[in-house]
Amino acid sequence: MKNFSLLLLVLTTSVVLAVADIPRPRGVPLFKASLYAPRSDNSWVCLDGTKTIRYTQLNDDYCDCADGSDEPGTSACVNGQFNCENIGYRAEDLRSSLVNDGVCDCCDGSDEWADGAVHCENTCLELGRIEEEKKRSLADLHERGSAKRAEFIARGKQMRAERETRRKVLEQRRSEQEAVKAEKEELKRNAEAAEAEALELFREQQREKDAAAAEEARSQDDSQTTRYEAEAAFVKYDANKDGFVEITELMVDMTLDRDRNGIVTVEEAKYFLDERDRIDLDSFYVLSWPRIKPIKMLAEGIFKPPMQEGEEPEQNEPSNKEEVPDQETEEESENEGAYGEEDLYEDEEGEGEADVGVGTVADETHTEPDYDPETKRLIDLANEARNAFSEAEQRVREIDHEIRDIDDHESKDYGPSEAFFALDGECFDYEDREYVYTLCPFERATQKSRHGGPETTLGRYEQWISDGDKKYEKQKYAQGAACWNGPQRSTITEFKCGLENRITSVTEPSRCEYNYIFETPAACDGAATHDTRQRDEL
């Protein structure tokens, strides 16, 4: 360190001597020395060219030029500038109003030059040494970080190459899978056509079975009704309640007067008793009632014998249907109507209960029809074809999703040589006293209370926002969650060189606008090391 300070002192002394050889007024920087050279007549022109004054008027503590250029070393002009040479540190321009104000603004103390002014120590060498150490430390950081950055670049290039290869594989697989999908779709179409045909045939057969069953049920109902009617008629005719219907018991029923002569003869009564003297209930049902019932229906107008050929109905005689309503038919209609409404209500309830779950009453009432083996086989084949097509469709969607994901990554700018590529897909946390902040580079920034609760989006990745050589220093994350009665949240992420990937600070400089500082080897640039080494060589 002593050798470095001695070398710096020798270098500084040489510079001071070199600078001192170039005459110029106080407060004028070296690069402007030629602008302050006197003319042959010992005059001088203001730098704005508006006025010519005597050379001796420079720094006379009186402002002669409108631009203040004649008083670079005094505080006479409010718009003047004083240059601190600060040899050994950095040159600096001050407002001329700070000259001789009793405060040491220049590290070399040159701004307090008047007699009786405050004494200023020259701290430029110390400041230069401190700054040089910072630069060396930063250069060392960049040098070590650049080595890691090279690893990031290699990894990024490898990942990009792998993704490009993967995309080609996916494109080929997609083409193959589309062919499989088309084949499965054709098989599904054929299977569904066979299924539909089989189901239609099954339904037609089922309709025929249902019609036959209904006809049989109606026949049974008619037979049962006839039995009831026969029993009722038997009880009515059996006047002496001996369990038999006799000739004399039938002769009192004038509807059995077949020849319409006003009396029921023995012969007529015996006709209805199958030529017997008396008959029991079972025989009455089988032998007598089929002969008596049509006569009773004809008398009541319920039944009319078929017309003979050429015979026309009487004009004034109303139709049987209009004259005597079919009470049995009306009752059946009413019952069917009532049953239909109730059935509809139950169906609606059943539909409402269909969502209850497996094993409910609603499920049990909607059982699968009892298909014949061939129909069941075709249904199973169609279901298999549908499932196979759905699986093929799903595989195509999965491939498309992965291709879109690769394309999304390919469309992002990962900086020079893909240095920031390795950060995509990673997330990093930072905690302060109240919140946990998360940054997922190239995706989103979020905030969450340390005490729990939902995560708040502070912005989604939009773009790099710097320009030129510093283009890859800042990113913008926009379209975050809206603030209460305020704008949508947004975040600026500033990348700095560091040996590890980490968030070092999070601030909210303006309402709903956040600022992340993120250190990463990807931001380390070997140029800083190169510049420092060049200065060391000088």
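Note that Cβ sites are derived from N, Cα and C of the backbone, with glycine treated the same way.
In TrEMBL this protein carries:
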SIGNAL    1-20  signal peptide
REGION    152-188  region 'Disordered'
REGION    205-226  region 'Disordered'
COMPBIAS  205-221  compositional bias 'Basic and acidic residues'
REGION    306-354  region 'Disordered'
COMPBIAS  325-354  compositional bias 'Acidic residues'
DOMAIN    425-526  domain 'MRH'
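Through the fold, the region 'Disordered' (152-188) approaches residues 382, 385-386, 388-389, 391-393, 395-396, 399-400, 402-403, 406-407, 409-410, 414, 417-422, 521-522 of its own chain, all at least 6 residues removed from its boundaries and within a Cβ separation under 8 Å. Here the region 'Disordered' (152-188) has, by DSSP, the following mix of helix, strand and coil residues: 37 helix, 0 strand, 0 coil. Break the region 'Disordered' (205-226) down by DSSP state and the numbers are 22 helix, 0 strand, 0 coil. For the domain 'MRH' (425-526), DSSP puts the residue distribution at 10 helix, 57 strand, 35 coil.
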